[in-house]
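All remarks here apply to the structure that follows.
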Amino acid sequence: MPHEELPSLQRPRYGSIVDDERLSAEEMDERRRQNIAYEYLCHLEEAKRWMEVCLVEELPPTTELEEGLRNGVYLAKLAKFFAPKMVSEKKIYDVEQTRYKKSGLHFRHTDNTVQWLRAMESIGLPKIFYPETTDVYDRKNIPRMIYCIHALSLYLFKLGIAPQIQDLLGKVDFTEEEISNMRKELEKYGIQMPSFSKIGGILANELSVDEAALHAAVIAINEAVEKGIAEQTVVTLRNPNAVLTLVDDNLAPEYQKELWDAKKKKEENARLKNSCISEEERDAYEELLTQAEIQGNINKVNRQAAVDHINAVIPEGDPENTLLALKKPEAQLPAVYPFAAAMYQNELFNLQKQNTMNYLAHEELLIAVEMLSAVALLNQALESNDLVSVQNQLRSPAIGLNNLDKAYVERYANTLLSVKLEVLSQGQDNLSWNEIQNCIDMVNAQIQEENDRVVAVGYINEAIDEGNPLRTLETLLLPTANISDVDPAHAQHYQDVLYHAKSQKLGDSESVSKVLWLDEIQQAVDDANVDKDRAKQWVTLVVDVNQCLEGKKSSDILSVLKSSTSNANDIIPECADKYYDALVKAKELKSERVSSDGSWLKLNLHKKYDYYYNTDSKESSWVTPESCLYKESWLTGKEIEDIIEEVTVGYIRENIWSASEELLLRFQATSSGPILREEFEARKSFLHEQEENVVKIQAFWKGYKQRKEYMHRRQTFIDNTDSIVKIQSWFRMATARKSYLSRLQYFRDHNNEIVKIQSLLRANKARDDYKTLVGSENPPLTVIRKFVYLLDQSDLDFQEELEVARLREEVVTKIRANQQLEKDLNLMDIKIGLLVKNRITLEDVISHSKKLNKKKGGEMEILNNTDNQGIKSLSKERRKTLETYQQLFYLLQTNPLYLAKLIFQMPQNKSTKFMDTVIFTLYNYASNQREEYLLLKLFKTALEEEIKSKVDQVQDIVTGNPTVIKMVVSFNRGARGQNTLRQLLAPVVKEIIDDKSLIINTNPVEVYKAWVNQLETQTGEASKLPYDVTTEQALTYPEVKNKLEASIENLRRVTDKVLNSIISSLDLLPYGLRYIAKVLKNSIHEKFPDATEDELLKIVGNLLYYRYMNPAIVAPDGFDIIDMTAGGQINSDQRRNLGSVAKVLQHAASNKLFEGENEHLSSMNNYLSETYQEFRKYFKEACNVPEPEEKFNMDKYTDLVTVSKPVIYISIEEIISTHSLLLEHQDAIAPEKNDLLSELLGSLGEVPTVESFLGEGAVDPNDPNKANTLSQLSKTEISLVLTSKYDIEDGEAIDSRSLMIKTKKLIIDVIRNQPGNTLTEILETPATAQQEVDHATDMVSRAMIDSRTPEEMKHSQSMIEDAQLPLEQKKRKIQRNLRTLEQTGHVSSENKYQDILNEIAKDIRNQRIYRKLRKAELAKLQQTLNALNKKAAFYEEQINYYDTYIKTCLDNLKRKNTRRSIKLDGKGEPKGAKRAKPVKYTAAKLHEKGVLLDIDDLQTNQFKNVTFDIIATEDVGIFDVRSKFLGVEMEKVQLNIQDLLQMQYEGVAVMKMFDKVKVNVNLLIYLLNKKFYGK
């Protein structure tokens, strides 16, 4: 290592800033910076050493580590170590760092860091520790990354995945130069050093269920460890609040010792650290063991105990016990498989024997079990003949095979299949690792041999092309070619035959390859060898026969011919003399014709090759010899064969009849036939007469022979019993093997068909089971067990739940932000309008503009910083208050009657604000199915209440402005219904606006005036027509009529388009709006049963069209139906066109005809009637919707079975406001004392203030702007996890529904691990040890999942405790619960508790529906969020537009010196500027000007005694007004010109000053402008 550890703990290199020596402030600061640099170097060294242990790889030196980690390669390798399923080596970019070393960082290196972050997310490390990608890649905050690595090490230690990181502070030494360089680096980037010592505490808080309970439990454990009593320590470890798993009472002494050592070591390190850390920076967990450290040490002890147990059971030789020991989760070993138990036992036993200590350490077991499990899976795949699985297992790095080339995996698999069959036939079950490795090596050798052979084939083809026989022979004799039977003496003939074969292949147009392959070369060599043998045979025949003839050895001719001819059977011995005579005669004739004779014989083979043989020298050749003279006196082979054949044929023909001489004699003897027939008949008659005796004789004889033969056979068997048994066993084995291989081959040949059949059968079985689950009234337990896994909450479920919660929060926040932004923009619009009237208010406009641009921030920080005193602090009192508020809002949310009554108790203006803020917030703006369902229930209850109490006649709904209807329309036209309105109306509205030629004006007077103006424009002369006319007069002009008719035609055409868009888009209408329309129709009909359907449908139309759609058509820009740019607007013609269409549709929806002043439009009345009929069908169909319970699949028990608890995001101001209103109207909405609401309000007490809600200290008491700060903080939003106080109680007071839920969860846990046909059978049958182990493993897996589960999704504490029970205890608890439920009538033992099984089946079905609805909700929320973002972007564009306008005003103002300059800091004119003089008026003068109207209790003639001094203050637009009576100053008030302008805008004409002086607001503003601004 680059830095040596010091022998013992000592102070850091640069000591503490509180050393005894006297240091100046600068020296102390320098010392502190040096200490920070040293500590950080120690943390770097700690991270480096820990990563080296995990990666088994050396990292760069400590001082270079930061730079070495920037490319993310080591981080990605670390991710592969703890999350191998997430990160593989192939996914790591530049894994060998060759590119990085060559050309430095590349942007793709960030992929490595991203993979590391995702891997940490997958194992559940809290995100509070994560660095940003740029922190690493751009080196913006490397200490943050090192901080994260430390947190990760502690978290992995808790999970038992990695060792604990070392504490090296004060144990390593760095040079002064290294420390100074690091200090400069830290100062260069200005990085705030994270607090490494607080990682344990932060991690504990982030992962806890209840921070306070966890903290207390951890402290109790530390205290118990300090006392040293092992039994007491185990009791504290068992505390459920500590959230510790796998605590074994039998290991109490080991836990005590390990935790004692760890705690003492941590305390020792803490003492060193605290010497250089200020008191404020110290953390409680610096000396205490954190929950993660405790769990890590428990895991460490458990692991060692499990390893000891494994080593103890291996020598016993029981595979089942060994398997159980290996499967224990405490052993932290890879998965093992029961079918390979014998293999684990044998292999581990052998490994243990090979070990010198006869003991296998955990690391050895880890590697061995991983490899053996991989081998087991490979054997399983081989047995199932699954080639794909075999190949996947071979590719697995866990199996650890050497020299495995992934390119040949398929070949390895096929070979292993063959070897597997062979070992199976020999009675061996599994292939061992060594056998698999040997098979891999064998295949590699074969592949290498084949590759070498391919090279040799290439050499042979090249030699053939060269035409050199010796070169060809040399290549044929290469060992790698493996060509057999090559005779070097016939090299030339090999060359000729090979060349000929290759020429033929070249000439074959269908041949793909133009070279000879190995089998073709071997065939050519074999053909050449056949030619060679034939030639030798021919030479032997010719030489032997001719030499025999020349030697006149007639007696040898037969032996010569038989030994020399190809078929000796054709030689007939009787013809020997004839053969000799014929051959001698032929040779003599041939010799007479020869004058000179040579010594060479020639043979032509296949009419292609010539073979030469010298009879004298015995040499042979495949090429023509030099000076070749043929031996023409000798008979050739063909001549000899022809002579032999001729002699043989003649002999056969000559003797054909002699062979049948005896037969001919017999035929001659048949002349005595009659005599023979008489003898035959006599014999036959005798036998017939003696038939009975003959039969007996024959039977006796046959029996005798059969018995004799049987006894002889039997004796043979007895004498050879051993041999017979062997023969029989081998025969049976061969038969069975043949049958098995035949069947196996059949399966291989029909693999695809078999897979399809199996898939079909499985699918049919699964389909039938699911139909049974869904359709059967009493689904059997066996079916339920198959689908119970669907109730598990996967990581995907949690991710989707978190995503839904995040989107809900974002949607709610965005809606509120947009609403506030819209209000501020409207106010800004007003202020700019007022600015035009009075320039002095520009400062206020600028101030409001800054408010628009100011981003919200700081509130949550203040809230979080007051955790010790605020509503979310850890004190018991605050916790109780928070829980009570959560229960209060849950009650309000789920019981709509309270809010329905409260709405009608408040004044109209106050209830509207309450609805727009608190109610919609309480229901999260219906951002999910549950809250939409509950909000609709509120709307329904409130609407029914309003109709019941406030509607006296049917038309009141139309003519009035019902509160609930207004609320429903406002909600559905907001964020949730905005997309609907856009989809429904945007296309046709945009078409109308974009049609520049479209002019719709149905006002005859306006049409007339436009026509007159057009005439004057065209002629340039004043028209003689009157300008002011009535409607009747205007209609007398044909031109006006024509234009009016054209407008009416355009109106009808355009209205049709809008109507069709509305009618065809019924499904786009929000379900909530349609349901309220249905409730409205039914409620009106219930109160007014005599109302006709037309009246009811008109009321529905008033809601759906007039209130919901009509405003959006008239003002599409105001309802965000179309996109408008800032500064852009709809012109008057476009707005008139839209208004005309809306007017026609409004008349049609209410079936109102054009009459009276609209008589000129009466031609459209038929059109209105037809349109009404279409609207009537539309309104009727719109009310045809299911009830919310059916639509959303909700009931009153839904909250008890859903995964996540409901969460709302509400401001402190809204909580206080709601609390206040509930107390104010408590007597009206909850008159009973024992009402649930009254009980909760009683628990809360008085309404808290904002400051008490946040906690004392949230705001500085001396802050002059304390009121404004508190007002701003009151808008801080907090999240409330809603819970019901009355759903689940502790102990025995649990209600039957909650008991049913708990019992179902316990039953699900039991039936997973214990088989059985009925619930009763399972509960009465004891669980086996294996089932207990499987159950414990499942519960550990669930605990790990629960540890990553967000707070709002966790189960109750009682359910967590139940889940930790062993299998048998769970069964006993189920039996107790079932007896309780049977007493309440929920279940019955007579049907074996089928009722609770039916409930579980229902939960399974509902879970699928819930997942489907959740996906739909995700899409819906995303769509809503996109629309809100677009709207926010539009508002931002308006803000920019206003900013530009204000900037222009400022620029203009600077150029005008005649007016008073305005300072943006609010201080008025610069120093030295002349201030306006005070203005003094008597009351009589002001009364004369009309400014002053009256003074209470003072007569007009006394006005002269009253004077008013108006003085401009330092602040722009602020005036002091002093009143004097008879020269004595009475009172003083302050006037704000902005307030006056606001009152003027709101239409307030008269205001009071001094509570008694009435003044005219408009004239007062005029006076101030004139006197102070020169206006």
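Cβ atoms are placed via backbone N, Cα and C, with glycine included.
Below 8 angstroms of C-beta separation, residues 490, 492-493, 496-497, 500, 531, 534-535, 538-539, 542-543, 633-634, 636-637 of the same chain, each at least six residues beyond the ends of the domain 'WW' (594-627), sit close to that stretch. According to Swiss-Prot, the feature domain 'WW' maps to 594-627, an assignment based on sequence analysis.
Annotation comment: Swiss-Prot describes 690-719 as domain 'IQ 1'. When DSSP labels each residue, the domain 'IQ 1' (690-719) comes out as 29 helix, 0 strand, 1 coil, counted as helix, strand and coil in that order.
Under the heading domain 'IQ 3', Swiss-Prot lists 750-779. Across the domain 'IQ 3' (750-779), mean pLDDT in this model comes to 83.
Positions annotated as domain 'Ras-GAP' by Swiss-Prot: 933-1182.
Annotation comment: Swiss-Prot describes Ser16 (among others) as phosphoserine, evidence class a large-scale study or a structure entry.
Other C-beta atoms found within 10 angstroms of the C-beta of Thr356 (phosphothreonine) number 5, with every protein chain shown included. The phosphothreonine annotation in Swiss-Prot covers Thr356 (among others).
The phosphoserine annotation in Swiss-Prot covers Ser595 (among others).
Counting Cβ atoms from all protein chains shown, Ser599 (phosphoserine) has 14 others lying within 10 Å of its own Cβ. Ser599 (phosphoserine) falls outside any helix or strand according to DSSP and counts as coil. Residues or ranges marked as phosphoserine by Swiss-Prot: Ser599 (among others).
According to its DSSP assignment, Ser685 (phosphoserine) is helical. Contacts of Ser685 (phosphoserine) defined by a Cβ separation under 8 A and a same-chain sequence distance of 6+ are given as none. The phosphoserine feature in Swiss-Prot is assigned to Ser685 (among others).
Spatially close to Thr716 (phosphothreonine) yet at least six residues away along the chain is no residue at all, judged by Cβ distances under 8 angstroms. For Thr716 (among others), the entry in Swiss-Prot reads phosphothreonine, with the evidence type a large-scale study or a structure entry.
In the three-state DSSP classification, Thr881 (phosphothreonine) falls within a helix. The annotation phosphothreonine is assigned in Swiss-Prot to Thr881 (among others) on the grounds of similarity to another entry.
A helical conformation is recorded for Thr1269 (phosphothreonine) in the three-state DSSP classification. Summarising the annotation, Swiss-Prot assigns phosphothreonine to Thr1269 (among others) and lists a large-scale study or a structure entry as the type of evidence.
According to Swiss-Prot, the phosphoserine annotation covers Ser1271 (among others), on the basis of a large-scale study or a structure entry. Proximity of Ser1271 (phosphoserine) to non-local residues of its own chain (separation of 6 or more, Cβ distance below 8 Å) is seen for Val1250, given in sequence order.
According to Swiss-Prot, the phosphoserine annotation covers Ser1279 (among others). Within the same chain, residues at least six positions away from Ser1279 (phosphoserine) with a Cβ under 8 Å of its Cβ are Glu809, Val1207, Ile1208, Tyr1209.
Taken from Swiss-Prot, the feature phosphoserine covers Ser1358 (among others).
Sequence annotations record features per position, and here Swiss-Prot assigns phosphoserine to Ser1461 (among others) based on a large-scale study or a structure entry.
When the C-alpha distances from Thr1269 (phosphothreonine) to the modified residues Thr356, Ser599, Thr881 are tabulated, the minimum falls on Thr881.
Non-local neighbours of the domain 'IQ 3' (750-779) in the same chain are 786-787, 1391, 1394, 1397-1398, 1401, 1404-1405; each lies 6+ residues outside the stretch with a CB under 8 Å from one of its CB atoms.
According to DSSP, the domain 'WW' (594-627) comprises 0 helix, 14 strand, 20 coil.
The two recorded residues Thr881 (phosphothreonine) and Thr356 (phosphothreonine) have their Cα atoms spaced 65 Å from each other. The number of other Cβ atoms within 10 Å of the Cβ belonging to Thr881 (phosphothreonine), over all protein chains shown, comes to 19. Thr356 (phosphothreonine) is 83 Å away from Ser599 (phosphoserine) when you measure Cα to Cα. The Cβ neighbour count for Thr1269 (phosphothreonine), using a 10 Å radius and every protein chain shown, is 19.
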